[in-house]
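K.L.:
Can you read through this structure? Questions will come right after.
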Amino acid sequence: SRFMQGYKGAPRAYIATQGPMLHTVGDFWDMVWQERSSIIVMVTKLKENNEKCEPYWPQPRHKTEEVKEEDEDQEGEKNGRRQEEEGEMRQFGRFLMKVKNSQERDGFIITDLEIQLLSERRAVRHYWFSSWPDHHVPECIVSLLRLVEDVEMHRKSLKSPPSSEPITGPVPGSGAVIIHCSAGIGRTGCFVASSIGCQQLRETGQVDILETVCQLRLDRGGMIQTTEQYQFLYATLAQYSLQLQHQQNQNNPEDQVGLQLQNLQLQNNN
């Protein structure tokens, strides 16, 4: 596991790590607790090329055995997720956990967890983006961008000023966003670079992809493993730039009228 800088060199913004295995699940949750992290982003399936990421967060009892033998089935996953919402406590390492809520989005699943150690409880949100094959790229850029935006919105919401209401539930931490795939370098690097690039585009309208990737590799060697992943990063940020332009055009219709008048004048002059 390595800390990664965020946008504008923000220290310890992310933690890049490999997918938890049977003998490292306890260590993984120790890290989550120690760093007071409230967001985990998983960009891998549970089983790939005969290699497995251990189901390290609460799973329905009947589904756990299936996952160990087979890749997850979509319909079974939906049924299982509904059962998880009952909130049965499970133990992982030193921690007791239960699912508070689970919802499917376009291309990923969000699971809100309550984690307890002794008398202290904390809230952790788990994102699972399973449609990203190892050493390759996702089929849908839009789904990845939605994931990046959702993670960023939730991260910002955790930093909002506390309300005057009394705290009755588990408290979220303010630590680094934890991202993992299988090895924690290829897809993990793409996600972190996409997140940083989107922030840069929102603030400046420009993005320096090469500089971002070079900085990631200084923090953790091997980040973004293939040419295909590097090209996909360009395509992802190009798509996000177009989305921002479209939003800006919708928010400023007067500017569009002005541009149309300018175009008409140019056409008449020609």
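Glycine is no exception: its Cβ is also placed from the backbone N, Cα and C atoms.
Okay, these came from TrEMBL:
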- Cys181: active site, phosphocysteine intermediate (ACT_SITE)
- Asp134, Cys181, Ser182, Ala183, Gly184, Ile185, Gly186, Arg187, Gln225: substrate binding site (BINDING)
- 76-87: compositional bias 'Basic and acidic residues' (COMPBIAS)
- 1-240: domain 'Tyrosine-protein phosphatase' (DOMAIN)
- 145-231: domain 'Tyrosine specific protein phosphatases' (DOMAIN)
- 53-87: region 'Disordered' (REGION)
K.L.:
Output, ordered by sequence, the same-chain residues six or more apart from the residue listed as 'active site, phosphocysteine intermediate' with a CB under 8 Å from its CB, or 'none'.
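P.N.:
Spatial neighbours, sequence-distant, of the residue listed as 'active site, phosphocysteine intermediate': Gln18, Gly19, Met42, Val43, Thr44, Trp132, Asp134, Arg187, Thr188.
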K.L.:
In the same chain, outside Asp134, Cys181, Ser182, Ala183, Gly184, Ile185, Gly186, Arg187, Gln225, whose C-beta lies within 8 angstroms of the Cβ mean position for the substrate site?
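P.N.:
These residues sit around the substrate site: Gln18, Thr44, His135, Thr188, Gly189.
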K.L.:
Can you tell me how many other Cβ atoms are located within 10 Å of the Cβ belonging to Ser182 (substrate binding site)?
P.N.:
20
K.L.:
Sort the residues of the domain 'Tyrosine specific protein phosphatases' (145-231) into helix, strand and coil with DSSP and give the three counts.
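P.N.:
Summed over the domain 'Tyrosine specific protein phosphatases' (145-231), the classes give 49 helix, 6 strand, 32 coil.
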